[in-house]
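**Student:** Below are the features I grabbed from TrEMBL:
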COMPBIAS  280-295  compositional bias 'Basic and acidic residues'
DOMAIN    294-334  domain 'UBA'
REGION    275-296  region 'Disordered'
TRANSMEM  6-24  transmembrane segment
TRANSMEM  82-101  transmembrane segment
TRANSMEM  107-132  transmembrane segment
TRANSMEM  153-177  transmembrane segment
């Protein structure tokens, strides 16, 4: 839901890769990422065909799973900003591919005529925002020392994709460099390599209705999965949505603070109401004031990871009697 571009990248290249492997093997040569043909014969079209469709089904499977996990960024940023990131990373990684191949030839002395095909550069570039912006939530521990988090499986898939070919490390390195360059506020690459608004509107009118999905019904409840893994995945999905909503709430609070006024009555009406009632005539009553509940620093840290300030997190946890779920919903709804 709300990720039509991720859905199209998951379905279309995978379908073409399967057809080329099973039925149209004689057309695979047109999708080979042949660097020698690009440099010597000026076959620039190979930069498009060779860097879009995987010719190895193992690479297709791993990259598809990674795109499925990275769909959270399209939900956060929107399809236009997400497509701008993919376009910028795709173009930058093509440049870094050629530079790294020339550098490897100059330093190590071996010639690389071709690289693994597929949409691999932008996939590796997405690990940069994944590492920087997705909070780490521990799921379990192995042998009492090694933590298994919600990000472990994604890193394992990336490692599996990294070890699937001989020269795929060049694509991984160029993808990571392009992701860092695009996210860097110093280089301002995101302002140059972006999808124009009129192009985004054309695709939203033509392709988005094809790949859009219906919003899940309210009948589905968290924790009703058939297995523990499904339940954990559902909880991770809920956390992702809460993080996205908290970012909007934080931006709204920042705008209020910049304007010089904070509407505390709207943020915490029960708390502020009780606070004013207890302090009428500037004479606090110790008997009527309820004791302040103990607040867990771990739960405060979790709310701060979701984008809330420490003061708001403390107030919400005290108001909800240290219940993390109630405090989160309270902050998101106000």
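Even glycines carry a Cβ here, placed using N, Cα and C.
Where the annotation comes from TrEMBL, it is an automatic prediction and has not been curated.
Just tell me what is around each of these and how deep it sits.
**Tutor:** Same-chain residues lying 6 or more positions outside the transmembrane segment (107-132) and placing a CB less than 8 Å from one of its CB atoms are 9, 13, 17, 31-36, 50-56, 59-60, 63, 66-67, 70, 73, 85-86, 89-90, 92-94, 97, 101, 151, 154, 158, 161, 164-165, 167-168, 170-172, 174-176, 178-180, 182-183.
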**Student:** When the pLDDT values for the domain 'UBA' (294-334) are averaged, what is the result?
**Tutor:** 75
**Student:** Go ahead and report the DSSP secondary structure tallies for the domain 'UBA' (294-334): helix first, then strand, then coil.
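**Tutor:** Helix (H, G, I), strand (E, B), coil: 29 helix, 0 strand, 12 coil.
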